[in-house]
Amino acid sequence: MNNGKRLVVTLMSTSLATVMSFVVSFFLTPFITSKLGTEAYGFVTLSKNFVSYAVIVSTALDSYATRYIAMEYHNKNFQKANNFVTSTFYGDAIIASSIVGIGIFFVLFMDCFLNISPELVLSVKLLFLLVFINFFLTTVKTVFNSTAYIKNRLDINGFVRFWGYIVEILLYIIVFRFFPPQVWYVGVVMLIVTAINLTAAVWMFHSMTPELKIKKSYFSIDAVKKLVGNGVWNSINSLGVTLNSGLDLLVTNLLLTNLEMGQIAITKTIASIFSSLEAMLCQPFQPLLLKSYSDGNKTRLHEDLRMSVNVSGFFSALAFAGFFSLGKLFYQLWIPNQDTELLYALTVVTILAYVTEGPVHPLYYIYTLTVKNKIPCIITLLGGVLNVVGMFVLVRYTSMGIYSIVITTTVITTITSLITNPPYMAHCLKMKWYEFYPALLINIVGTVIMTVVFFLVTRAINPNGWIGLIMTAIFLCGIGFLIYFIFVFSNKERKYIINMVKRKANIKQ
């Protein structure tokens with residue numbers, strides 16, 4: 001299968017998996033908020049945030065593992081590849097075990113640190129314990145995931161994730177149907193699904209890359225030093241990202257109320273869909289970018305980067321414009337027992353950052369390819385510090401209240417994604433500083449046009465109910481594609497789309 005077809009299949013499989021993750025959130029959020037309360041849902045999201053804090057440590061070892069393993073594998077240096085494989089595996093096991101130990105200590109006394117309603121203390125503690133154990137499995141799985149990148153078979157990963165979400169839905173139905181509702185059930189289900197994904201990753205590792213082995217004799221301190229030496233900057237970057245978007249629930253819990261923490265958590269559910277969409281759209285391009293960069297094919301690399309910007313920008317624009325136009329109705333139908341006006345306003349402010357972040361996101365892989373991540377990491381860290389300080393100042397000294405939490409993050413994210421990063425990304429590839437701005441700016445213009453058109457069309461249709469919302473959304477998707485096809489996509493991309501449609505039409509005939 002050629003790269004074009006493989007890319008389409010990968011996009012399809014990852015799209016299916018991402019849609020299923022949306023389905024899980026779609027049904028789980030209203031169920032927990034109605035049965036256990038908004039506060040309980042807030043702790044579900046907060047527990048996942050705590051794991052993201054732990055990931056900061058493992059990122060130092062893992063962020064470049066796949067890059068080095070894949071490059072040595074493609075160059076037929078299997079001995080060196082195995083050095084990186086084994087060193088990553090044992091390093092991850094040690095790091096994850098240490099963090100789980102610290103996590104258990106935290107769980108025992110977490111009600112001393114966080115504001116938790118008495119009736120939820122035990123259930124929340126069990127939830128956090130299970131989430132930390134799940135973190136261990138997820139961390140040791142990292143090295144096995146390298147096979148999908150080496151063989152450009154991220155489509156298999158997508159299908160595994162898809163079926164994992166199917167299992168997750170079935171498990172939620174079972175535990176919440178036949179047992180009294182408890183928030184810690186979420187941790188049990190997460191653990192089972194991660195075990196399934198780990199099993200699939202191990203199978204791919206052994207069957208598709210038999211040259212790679214995990215043996216103690218392959219362990220290399222030099223490999224660890226090389227990984228950590230480059231990866232520590234990604235850890236610093238992760239710390240910056242956490243300061244920029246991962247402390248909002250914790251700050252809300254400590255400075256505002258548990259109810260407002262739950263409302264922010266609901267808002268972050270929608271924001272996480274946007275983040276998942278970005279990751280889904282960028283991931284299929286990464287094996288192609290890695291191969292082009294490894295081969296020194298700069299022309300192909302530039303073309304792939306341009307296409308990734310437009311593809312990611314299109315779907316980000318579609319998602320933002322769609323939610324801006326239909327989000328209020330969506331909340332009214334989805335969680336009618338909540339303050340839907342407030343949630344809609346908070347969500348729009350939150351996802352506004354994705355107007356710029358969406359098209360830029362694929363370009364962040366440049367830092368991994370070129371191993372030039374110190375400056376962007378420092379920028380991200382400084383942005384994160386400013387974000388936290390901004391939240392505290394606005395909460396303490398203004399009447400903005402809960403809006404303080406989301407406004408600062410959106411402002412900082414927009415500045416870093418649009419102003420500070422693109423010039424340095426171009427510098428890393430030895431291009432002119434403004435190399436990526438034409439593509440980025442035209443994507444932003446496309447988003448603005450799409451949002452205005454969607455809003456006017458929605459006002460004209462005035463949909464009601466789920467059927468009206470879904471039918472309007474489908475109609476808007478068609479309009480959105482035409483807008484991007486005319487205003488954003490390059491001539492080469494238009495020809496590719498037209499030829500693909502013609503081929504599909506000929507096959508059907």
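Along the chain as shown, residues are numbered 1 onward.
Every residue, even glycine, has its Cβ placed from backbone N, Cα and C.
Annotated transmembrane segment per TrEMBL: 7-30 (among others), in sequence order. Long-range contacts of the transmembrane segment (7-30) within the same chain: residues 1, 41, 152, 154-159, 161-162, 164-166, 168-169, 172, 186, 266, 269, 272-273, 276-277, 280-281, 283-285, 288, 334-335, each at least 6 residues beyond the stretch ends and with a Cβ under 8 Å from a Cβ of the stretch.
Residues or ranges marked as transmembrane segment in TrEMBL: 50-69 (among others). Remote same-chain residues near the transmembrane segment (50-69) are listed as 81, 84-85, 88, 91-92, 95-96, 99, 103, 128, 131-132, 134-135, 139, 142-143, 145-146, 149-150, 212, 223-224, 226-228, 230-232, 234-235, 237-239, 242, 246, 290, 368-369, 371 (criterion: CB distance under 8 Å, separation of at least six residues from the stretch ends).
The transmembrane segment annotation in TrEMBL covers 89-110 (among others). Within its own chain, the transmembrane segment (89-110) has Cβ neighbours under 8 Å at 50, 54, 57-58, 61-62, 116, 124-125, 128-129, 132-133, 135-136, 139-140, 142-143, 214, 216, 219, 224, 227, counting only residues six or more beyond its boundaries.
Taken from TrEMBL, the feature transmembrane segment applies to 116-137 (among others).
Marked as transmembrane segment by TrEMBL: 158-178 (among others).
Taken from TrEMBL, the feature transmembrane segment applies to 184-205 (among others). Same-chain neighbours of the transmembrane segment (184-205): 28, 32, 44, 47, 123-124, 126-131, 133-134, 137-138, 140-141, 143-148, 153, 156-157, 160-161, 163-165, 167-168, 171-172, 175-176, 212, counting only residues six or more beyond its ends whose CB sits under 8 Å from a CB of the stretch.
The transmembrane segment annotation in TrEMBL covers 307-331 (among others). Away from its own ends, the transmembrane segment (307-331) comes close to residues 270, 273-274, 277-278, 281-282, 285, 289, 338, 340-341, 343-344, 347-348, 351-352, 354-355, 357-363, 436, 439-440, 443, 446-447, 450-451, 453-455, 457-458, 463-464, 469, 472-473, 476-477, 480-481, 484, 488-490, 493 of its chain (Cβ-Cβ under 8 Å, at least six residues beyond either end).
As annotated by TrEMBL, transmembrane segment applies to 343-365 (among others).
If you look up TrEMBL, you'll see 377-395 (among others) marked as transmembrane segment.
Taken from TrEMBL, the feature transmembrane segment applies to 401-419 (among others). Note on the transmembrane segment (401-419): residues 244-245, 248, 251-252, 256, 260, 263-264, 267, 342, 345-346, 349-350, 352-353, 355-357, 360-361, 379-380, 383-384, 386-387, 390-391, 394-395, 440 of its chain, located 6 or more positions outside it, place their CB under 8 angstroms from a CB of the stretch.
The annotation transmembrane segment is assigned in TrEMBL to 440-461 (among others).
Beyond the transmembrane segment (467-490), the same-chain residues lying 6 or more positions past its ends with a Cβ under 8 Å from any Cβ of the stretch are 306, 310, 313-314, 317-318, 321-322, 325-326, 329-330, 333, 442-443, 445-446, 449-450, 453-454, 457-458, 461, 497. Taken from TrEMBL, the feature transmembrane segment applies to 467-490 (among others).
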Worksheet item: Near the transmembrane segment (343-365), which same-chain residues lie under 8 Å Cβ to Cβ, leaving out any that are not at least 6 residues past its ends?
Response: 263-264, 266-268, 270-271, 274, 278, 281-282, 285-286, 289, 305, 308-313, 315-317, 319-320, 323-324, 327-328, 331, 335, 376, 402-403, 406-407, 409-410, 413-414, 417-418, 421-422, 425, 436, 439-440, 443-444, 447
Worksheet item: What same-chain residues lie close to the transmembrane segment (440-461): Cβ under 8 Å, and 6 or more beyond its ends?
Response: 309-310, 313-314, 316-318, 320-322, 324-326, 355-356, 358-360, 418, 422, 468, 472, 475-476, 479-480, 483-484, 487-488
